[in-house]
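*Asks:* My questions all concern the structure below.
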């Protein structure tokens, strides 16, 4: 007891010491108290007391005014004590203690002996009042000046005075009235201190160019409330600030919106109005006071368009109907925006927002009619709009979402769509008339009635987990394929074309009606459990369809049967049958044709409300609120219909002639055979049924191929069409540097024509040069080019007086030296070159004119200037008369002049080492000497008789350098020097491949079709939104130096991957690599922020947020330059100010850093560093805005959540702009879309680009954003575009071969794939980033993604579905590109493929896919099918083809039918089987996946390079990779549909060159690839052992390829996968994992048992268990077939043999039970157990040996028995796992788990053994390294050193 007390006291002492050390250790920023925002706990700031600002001011004045500073510190401490007296919140105690310590230290350091009396409020007020008066007087002139020279200084002064005022007013009882009046006067002068986003309307004294824009002034004025409307402000809070008669102030009072929501939406609407005004034909507001009517009308229409459509659909009248003036609708627009801004997760329910708006708009209309604005509609005086309206809805959403997170089936909980669709009926308005204001009127859909459970029925659709959705959604695809299959089969089986054939063909009629009846049954089954809220005809349609098609199926079947029975000459039933089918087919055809005509479709929609018309609804699918109007322009319809007609012609022709017709002949031979087949086994089915199973297995793979090859033919035709369209769009015209140089002279004109405004009337080069130069500057900043390359690429400022256009030096390089050489050697050749080579003529002309002009300007004496003038005139006259070589000049001496001028320029050029090595005086003498030498050289150039005319006396005094002009000629000197001295060709400039690619693409895009750019003022405004969670912001120094298991750091890896860029980086910093390494080792000695620059260099080459932010901020940089070029102004400062204002008006960038608030205060250093890096990005990019979700503990476990927006302030810290309270945690579904949703309210503009945080952008592409935004106005059919698709460039392709494969695959999809989907197919969706949204269209229709848990796993594509269903139009544009990073390692790629495949599995279950599949016209439906879930369904069927084919061959081999068929129809049967096999092989090896790649290469790289790429990819085993990926997609798609469990998989975005452990690969691919591969191997083994050997190799080769690919691809593509040392380590790691049986807290990475248990967590429904069990029965085929081939059976094929095999199997199981019994379970019987196990072992061995010795049993039988029983055991294991609950109830689960362990151990050993064998040979590892990193080897990189962990310096030191 005493020991316990002592221990407790010691523990308390240590805790106390830790607290003392933590509290009393000075905070790093106490010496500069405001230097770090994190020093103030967030809980203190939440109360509205700006303690941080007080500390900041105190810190600034501390050195000069210590007493006032201490008074401010004491005030801050006092406020902190008031806010948290007990210091309960995190960090408050440390903050208070640190502040007290700082105050004490300051007092002790002061000489004035300040007493503690300063703590008294009265004393503090007196001190601060005196200081305020002094400080105010001192800076009076600064704050009075309307145009200060130092705006930042004035801003700091204003901030200081505001803080002082706030502190003084808190203790104003001690202040005099006069002083308070003076402060009030100053407050009006200082303006509002409220933080602002883009502009501050309330601050009239703030200098802001944007507020002077006439459109902004007019937009602000239009929001004023008319004077006759009174606003009741009696209930507003004291601290609320209101603008006089402002619409948003009125709405805040009326509906109790949050203040920051009001401020946010006010700015939002003003910017919408101002930007719309500026787009109206480049006009500005009338007189700067009034907006055009068109402006108000357009904003109102776009904002309220969905609400108006909703009203029309449910039969309600719009609240604002009847308003005479558009300006009177603005209050309703403002109300809608305020509701939307505060709706949080309810924003995913657009029609719910329409309902809320409708409800509150009624009340607003009533207030306006009464001319009184008040909050009378709120009965509770305390509650806000958020609490009364949004929170009740949110709570229900959260409760349902929790069901989804817990793993409940989709059919058992309601997602966002269910809640939204509740508002699609008129009944919702009738039954919720006063909801949510009156809770007792709400339906049970949202609130449970007393004593009743909350209703959980779905609305209009149920997401059952079944593959039947594939048939249900795309039933027309299956009807087409099956009818055509039946028709072709009829033609193939009938040799004659007569009436009987026609009768058989007419069987298509009953088949059609039968399939329609099946469809109607699916309608009934899939809608079970639906809470129908639509009109009554929705149910009537389903019932009518069911009855109608059921009757038609029976009726046509009966008629067809009677028709077959009647004999000639009676044809009554035939005629009757035709009369029944004919009118129906004609009616369907007419309806389909009319539905393709837009005008007819519009008329149909108008008649939707007519009761008579509703009765005809059963003829086509019922239409909900979405999905109406899915028709296209007849022109587009003809295009995509023609595309599909071509595809179907090829598909059906191929199927008929190569599959069905040959197989029909073989089938007739098998079916009609009279010979009885000798079955080896006991046959149940085929023996007396015409070999039915043989026919089934013969036809099954062919039918599957027939069903899936529509995807193959689509891929082929789409690749060809995409290539043609790309060529027509002029893609790939400039694909080499030679092409770029040849066509460079045409670039300025093309650029000016399309990308500048206004169009340049002077030389195009003048308008082009600034932008080209900025592109080159950006590339130098990015370290893609060297300083020398930059000088060669820069275009000089154009001199309009010269006749020679001045091109970049890389075009003129070596031209002048070559001309000098030709002058001496071959003048005729020079004349010819000057005539043919325009760049040589330009170079020589520029060299001559620039040299003379330069010499004239720098000479100090007038006589010298006259000398050069006279020489110039003489030479120029000779050039014009073309007599330069004939007389008057010694042209051979031109080389002397060239040499002397170069000497002079060498002395003057600051970049040359000569200039740096001399002091000023010596340099001056050398320059003058060089100048004089030029004079003499010029004289030598003249003929002897001409020299006296030009000779000057005393030239040494005349030809001296003038200093003043010299300072202004640095650019000219550098350019002229390079022009005269560069001898190397510029054909390879730039050398960096990425720089080449970017320049080639940019220049090529200038000649592509794109809209003409408007002015910056008239362009469409836009925002960029990037969601970020917790990924890497910037690589820290620790990250760069952290070594992986091979001893390789990220920095070392990047230096080797990008060696040229690393060298460019060192040159840019002007530092050696050794010096840099020293600084990085001791970062504290970094004077020039070298460490930061190094971190940035590395970060810009990874997939980091810093790279994304830099890329997106190029938009701002581009707009700034474009606006500057267009701005009018007398000075650069004035033009820059106007340009800045326009950029603020047009562009906003928001990064939604979800947990930024938590990162700032996290106890983990890594997280705090990320927050600091984000802060750094805000410092660098002032226009960057960061939004985040902030949580504050209120009481107990309850938290309040806020959406916050911050920016950087003057002191370099983040400053809160808006803080909008949320109803709760906004992350209740999928995290990423809800992160986007919370931040979308802070975006601005008419367009919104969604950018992921692994993307990049380029300055030259940002220049084209204005053009892209003009596409929203372009003609793309009957609807304007709502999403603009943008091309992506995958920048991670150079890392490894895998990265290259993935890059090429992704590139082919985002180019050719999306190109064809948009044109001509019109089914392109939103496939992620970086598409540009019509912002208002989407934010009023549910947002830019969907967020329901699991079902919206692939959240992005649902934005495309939603946009299309709501009458949007999605286009694709390839003249602009955005960079994107992709996964680079096989495991990363596999996880990405798994995520996408699982997402498609969930899409298959969704209502969006169902509606699109049902409501698209037939040809668009086909396009949608093959481009979405159909692709994954066909991929899954491809693997089924392999299994079906192999099981068919195994059946033929084991049953004995195969041998019989070979003898009967050897060639025919084999030909049919080979036809099926060839097709599946082509798909297996990924050849069709590569066709779009090949076409893309040909288009953009050229034919020869495309062929070389293709060959290299094949040599690098790309077919293995694509085959492996096929297995990944098939498995996860099927698994998700059947069982669920889809979730977001973290793929990681790092650099993957490290070795992956064998155990990790096994865990990832065991079930998805290895098990399936072993099944294929066993099937192939059975076929080899028991089948005919004649064609085995030919038939099995590609199946073996598939199996080997699935088994060994993870190790082939694993770095150092065959390194012996790694293999040994892998084996040890794997065995440790395998034998670790796990337990509580053991991770799956450490224990097989934990891993296996986690894999069985997802248990499906009863139907899923049944399906899995039925599928697992296929493994019984092995035992059933092999047992009859055992020699011990002696040919007996009775059923008893099979029964006896099960007895043997049970014995094996019992033996296993004996040997697997754990001693721990039988503690008291261990000796007995061991004795029994030993006896059993001896008996088994002796029995086996005896049987072998007596030849009762052969070794062949033993091996065959293993081959039979192992699959049986696996099948039973799969069944047991499927019925997991039952196994646990029977206490058999541990036994099942033990069997699974043995199977996993065995599979692992079989895979590991070949790897170990190959690892013995060192050349295998070397070959694999070359295979994986061929791209890197081609760049001369030391990959082998990277993989081995050795650095070159290590080797050198070792040597």
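Along the chain as shown, the residues are counted starting at 1.
Glycine is no exception: its Cβ is also placed from the backbone N, Cα and C atoms.
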*Asks:* Match it up for me: which of 1378-1400, 1401-1423, 1424-1446 does TrEMBL list as transmembrane segment?
*Replies:* 1424-1446
*Asks:* Per TrEMBL, which of 1655-1678, 1727-1750 is transmembrane segment?
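*Replies:* So the range that TrEMBL calls transmembrane segment is 1727-1750.
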*Asks:* The transmembrane segment (475-494): which same-chain residues, six or more beyond its ends, come within Cβ distance under 8 Å?
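*Replies:* Beyond its ends, the transmembrane segment (475-494) has Cβ neighbours at 500-501, 504-505, 507-508, 511-512, 515-516, 519, 522, 652, 655-656, 660-661, 663-664, 667-668, 703, 706-707, 710, 1413, 1418, 1421-1422, 1425, 1430.
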*Asks:* Which of 573-594, 641-664, 1795-1819 has the most Cβ pairs closer than 8 Å to the transmembrane segment (1593-1613)?
*Replies:* 1795-1819
*Asks:* What else in the chain is close to the transmembrane segment (573-594), if you only count residues 6 or more beyond its ends and a Cβ gap under 8 Å?
*Replies:* 503, 506, 509, 555-556, 559-560, 562-563, 566, 600, 619-620, 1417-1418
*Asks:* What residues in the same chain, six or more past the boundaries of the transmembrane segment (641-664), come closer than 8 Å to it by Cβ-Cβ distance?
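*Replies:* Non-local partners: 484-485, 488-489, 491-493, 698-699, 702, 705-706, 709-710, 713-714, 716-717, 721, 1320-1321, 1419, 1422-1423, 1468, 1471-1472, 1475-1476, 1479.
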